[in-house]
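A.B. asks: First the structure, then my questions, so here it is.
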Amino acid sequence: MMSQQDLPTLFYSGKSNSAVPIISESELQTITAEPWLEISKKGLQLEGLNFDRQGQLFLLDVFEGNIFKVNPETKEIKRPFVSHKANPAAIKIHKDGRLFICYLGDFKSTGGIFAATENGDNIQDIIEDLSTEYCIDDMVFDSKGGFYFTDFRGYSTNPLGGVYYVTPDFKTVTPIIQNISVANGIALSTDEKVLWVTETTANRLHRIALEDDGVTIQPFGATIPYYFTGHEGPDSCCIDSDDNLYVAMYGQGRVLVFNKRGYPIGQILIPSRDEGHMLRSTHPQFIPGTNQLIICSNDIEMDGGSMLYTVNGFAKGHKSYQFQ
């Protein structure tokens, strides 16, 4: 009889020695991001990276509602205003310069979208929380000035979320896909024929091929090309000019990159992720006219700060609606 001391034994080594081990994607091209700017020494839930026509970076802090403005050249950080709505989650910029801010409200039924100037003035309700039940996490404009948004409701066994399209006059809301679990990140391909959506609590990536009207799904056009692993799941995303998709992995301290067909082709790691630091990676975004990618993350669980990191992506960022 073999003694317990002589039995085969599992040890924490190699990949299993990480707080957030990478197994299925370990053979992908992998790079580690460099620190770019510390937003705060406090752990803030940073989100919503977006650049305006002048190249200024806007982002926000979900739980405290701070709207930040960063000058990429001087690294000066300003706080032009604080959201009057609870739990803002994304900033997108209209061609007219206004900030469109998605907010989650009570995370159940009081989310919406409001527009404001970069100083927080001239507030206009776009999707009003009092007349809808959406919990809006993110949005993306098309070239006509309409937009798609994600409904962040539900959980893994109660999929209440979905994706909707709002016409350029902001008067008509059309469902695109429904019955998904916490719809989160959203991106539109360069030709506006493919909509990408991340489903956080089900760990799935949706690829939705659209007809010319932008709301009808092509026959067999709604597919799930990728299932993620680990806790927590896919978050916000963006595309580059080659139609590659960059998906931040919340709770994992990394960004996964997919080609236009949904195959993983690379990943970007946040420093110290193996030790459990800076795992709350939420949003990648390109500096306009370059292939330089900015990624936000924070270290709330480890009592650390809030950072922006940077790498070069595969291609230059897509020239989105606010630059057209």
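Just so you know, the numbers here start at 1 and follow the chain as drawn.
Every residue, even glycine, has its Cβ placed from backbone N, Cα and C.
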A.B. asks: Return the residue out of Asn87, Asn179, Asn184, Asn291 that Swiss-Prot annotates for the same Ca(2+) 1 site as Glu47, Asp137, Asp235, Ser236.
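C.D. replies: Record check against Swiss-Prot: Ca(2+) 1 site with Glu47, Asp137, Asp235, Ser236, extra candidate from Asn87, Asn179, Asn184, Asn291 is Asn184.
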A.B. asks: Given the binding-site residues Ser109, Gly111, Asp129, Thr132, Tyr134, state which is nearest to Glu47 (Ca(2+) 1 binding site) when distance is taken between Cα atoms.
C.D. replies: Gly111
A.B. asks: Within 10 Å of the Cβ of Asp235 (Ca(2+) 1 binding site), how many other Cβ atoms can you find? Include all protein chains, please.
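C.D. replies: There are 24 such Cβ atoms around Asp235 (Ca(2+) 1 binding site).
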A.B. asks: Using a Cβ cut-off under 8 Å and a sequence separation of 6 or more, which residues in the same chain sit near Thr132 (Ca(2+) 2 binding site)?
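C.D. replies: Same-chain residues close to Thr132 (Ca(2+) 2 binding site) (Cβ under 8 Å, separated by 6 or more) are Gly112.
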A.B. asks: Given the binding-site residues Ser109, Asn184, Ser236, which one's Cβ is surrounded by the fewest other Cβ atoms within 10 Å?
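C.D. replies: Among the binding-site residues Ser109, Asn184, Ser236, the lowest count of other Cβ atoms within 10 Å belongs to Ser109.
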A.B. asks: Kindly assign Tyr134 (Ca(2+) 2 binding site) to one of the three DSSP-derived states: helix, strand or coil.
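C.D. replies: Going by the DSSP assignment, Tyr134 (Ca(2+) 2 binding site) belongs to neither helix nor strand, so it counts as coil.
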A.B. asks: Provide the three-state secondary structure of Gly111 (Ca(2+) 2 binding site) computed with DSSP.
C.D. replies: coil
A.B. asks: Fill in the CA-CA distance, Gly111 (Ca(2+) 2 binding site) to Asp137 (Ca(2+) 1 binding site), as an integer in Å.
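C.D. replies: About 8 Å separates the two Cα atoms.
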